[in-house]
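*Asks:* Have a look at this one before I ask anything.
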Amino acid sequence: MLRFAPSPTGDMHIGNLRAAIFNYIIAKQQNQKFLIRIEDTDIARNIVDKDKEILNLLNLFGLLWDNLVYQSSNFERHRQLAQHLISKDLAFYCYCSKEFLESKRLEAKEQKKPFRYDPSWAEIEKSSNTKPVVRIRGASEAISFEDAIKGTLRFEAHEIDSFVILKEDGIPTYNFACAIDDMLYDISFIVRGEDHVSNTPRQILIHRALGYDKVLGYAHLPIILGESGSKMSKRDNASSVAWLLEEGFLPQAIMNYLISMGNHTPTEVFKLQDAYNWFDIKNIAKSPVKFDIKRLRFLNREHLKMLNEQEFALLLDSKDSSIGALGKLHLQEASTLNEIRSKIERIFSPKCIAQNEEGENFENECKILYDILHQMIESYDESLNDYDTFKNALMAKSSLKGKKFFKPLRILLTGQTQGLELSEIYPYLRFFLRDIVRLSK
């Protein structure tokens, strides 16, 4: 079984989603089940309904799970196993206060040594009112594991001291809950961010202490950098999956991009299901990869092109395939649904005919064309059915030509002074002329 284990303490970012996608693909390739484990052990930081938001996003991306568990439902089992380790002298109570430990950290810093917990401190403050935590005994030998991306990773015994597995309130720490739940659900392979590399030997230590000898596979993904080259932070809008969706990027385009980041793919544009045939986690680059919004925009445009007109219309909140066709036409100059919606909204909004951004004024010409168009629409003039016939009839009736004809006509039809060729767009606009040709008051 493979798993994706999000925490309901914040928004899902693209690094989380990338890990979820890779775990899901590998589960499909190996015909294994896919587990979602909500890691809600940090009770103070859990955000109400954030778990539902995460699950809705996973569902939207088509990452359908076979099992769903909440880590908190296993708290009693975690406590039982902590007591088991204590009974075997593989874990112990520690009564050290936060102040005592902080003083030891400062000592180590002054001596320019790495801080390492000393088990002999455990009962120094036992007579005080300090509630004890439970610590697992540190490693007695080096711990190594194979990483599908980074190769063999080795941690010396002195790097893995006696760390906390149960807090003073009896809540398990992240590493303890994670290690036990991976055992309980028979997880075989874990794909996660490289910020978890230092957690892996600790989780292996817990497995060994509990007599769990299954060797898990690991792949730690390199971080994603912002366009500036620095690590992406929560302040980077593009790091948020919700923001990308709100901007009008399709789930299938986002997945396409995240799978191809730092990877060799047989084609530029593909769907999630295509990746089942060729994806190999070992091909993911070891070094950090820079987020490229231009690349994502390109892929989004390509995935929008793959939609039929009815599908496109539904994404634009319309049931009329002509609106979908209009949207597809705008892919010549737009890449996201928001950009296309904006252009179509301008078409159907009352038109402002005052001076435009270039300082040009076609107010008189717009009024002349508006009056003629209004008459043609009301009389169901047959010349409206074909662009060339329509253009010639309107030009003859208005006595306007050149720039003084085409720019005001474009303003009346699209609300803009530049854009697609009117001959391309008119076949789709003609069905809506009564709604389109309106002036703002």
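Placed from the backbone N, Cα and C atoms, the Cβ positions cover glycine too.
Not measured: the values here are computed from a predicted model.
In case it's useful when we look at the structure, here is the feature table from Swiss-Prot:
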- K234: ATP binding site (BINDING)
- 6-16: motif ''HIGH' region' (MOTIF)
- 231-235: motif ''KMSKS' region' (MOTIF)
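Please go over these features one by one and say how buried each is and what sits next to it.
*Replies:* For the motif ''HIGH' region' (6-16), same-chain residues at least 6 beyond its ends with a Cβ under 8 Å from one of its own Cβ atoms are 36, 38-40, 42, 45-47, 50-51, 53-54, 57, 193, 221, 223-224, 232, 234, 238-242, 244, 254, 258, 291.
Under DSSP, residues within the motif ''KMSKS' region' (231-235) fall into helix, strand and coil as 0 helix, 1 strand, 4 coil.
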*Asks:* If you average pLDDT over the motif ''HIGH' region' (6-16), what do you get?
*Replies:* 96
